[in-house]
Amino acid sequence: MDMQQETIERIIRQVLGQVGPAGGSIATLSGDAGVDPFQVAVGVSNRHIHLSRTDMDTLFGPGAELQRKKAMKQPGQFAAEETVTLKGPKGSLSKVRVLGPLRRETQVEVSVADGFALGITPPLRQSGQLDDTPGLTIIGPQGSVTKDHGVIVAQRHIHMHPSTAAKLGLRNGDEVDVEAGGERGGVMHRVLIRVAEASADEMHIDVEEANALCLKNDDVVRICKK
């Protein structure tokens with residue numbers, strides 16, 4: 001097979017959504033990431049922050065509103081134009097993206113390596129589980145705020161629509177294994193299933209996990225039920 005023909009066939013497979021794990025580029029609201037119903041597209045999360053209304057006012061000025069930069073696959077969620085600096089006991093991280101919409105409580109999501117750089121040890125947690133977590137100082141253009149908790153390393157998880165969960169025999173809170181193909185492929189254990197009506201089927205991992213398996217946004221992995 002010559003190079004041109006091979007390229008054409010690869011493009012056709014991608015368009016049809018039939019590329020194997022870690023080889024596709026598929027985004028869907030229905031969960032059909034290909035012929036195999038257990039396939040799901042990957043979203044890679046870099047460090048970011050979710051802000052409360054009170055902290056938004058302190059950092060960006062009273063009544064400030066987030067400016068949309070880019071829509072995310074989860075309905076209603078977006079990356080904002082606004083960024084902040086995170087300052088810990090040891091160091092700081094600049095240009096940390098704010099994600100919208102605003103939340104009830106401020107939550108910072110970083111990698112393990114980010115924790116080393118900041119001088120804190122954030123635990124591996126589900127989103128929203130902020131008890132007994134470290135804090136830091138958040139610096140914005142109009143002010144700063146020091147939090148006594150709220151920093152986590154996010155547990156890898158799969159957002160899933162109820163119709164997909166029913167089809168796969170999964171429930172909210174289940175944990176599954178997920179297989180990634182490719183030269184640096186492997187199996188990720190204890191991947192949390194998060195089922196909600198306002199969800200698009202997508203697996204969320206952080207940059208460290210993505211780098212370890214050579215995964216990027218929209219690559220396709222496969223759910224392996226325990």
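Backbone N, Cα and C atoms are what each Cβ position is placed from, and that goes for glycine too.
Taken straight from Swiss-Prot:
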type	residues	note
BINDING	V44, S45, N46, M72, K90, R97, F116, N211	CoA binding site
BINDING	H48, H50, E109	Zn(2+) 1 binding site
BINDING	R103	phosphate binding site
BINDING	H157, H159, H204	Zn(2+) 2 binding site
Residues that sit under 8 angstroms from H157 (Zn(2+) 2 binding site) by C-beta distance, when 6+ apart in the chain: Q126, S127, V191, L192, I193, R194, M203, H204
H159 (Zn(2+) 2 binding site) to M72 (CoA binding site) - Cα separation in whole Å: 13
Take the C-alpha atoms of V44 (CoA binding site) and R103 (phosphate binding site) and report the distance between them in angstrom, rounded. 21
Helix, strand or coil: which one is N46 (CoA binding site) in, per DSSP? coil
For N46 (CoA binding site) and E109 (Zn(2+) 1 binding site), what Cα-Cα distance in Å is obtained after rounding to a whole number? 8
Same-chain residues at least 6 apart in sequence with Cβ under 8 Å of the Cβ of E109 (Zn(2+) 1 binding site), in sequence order, are S45, R47, H48, I49, H50, S127, V151, I152, V153, A154, D206
Give the distance between the Cα atoms of R103 (phosphate binding site) and R97 (CoA binding site), rounded to the nearest whole Å. 15
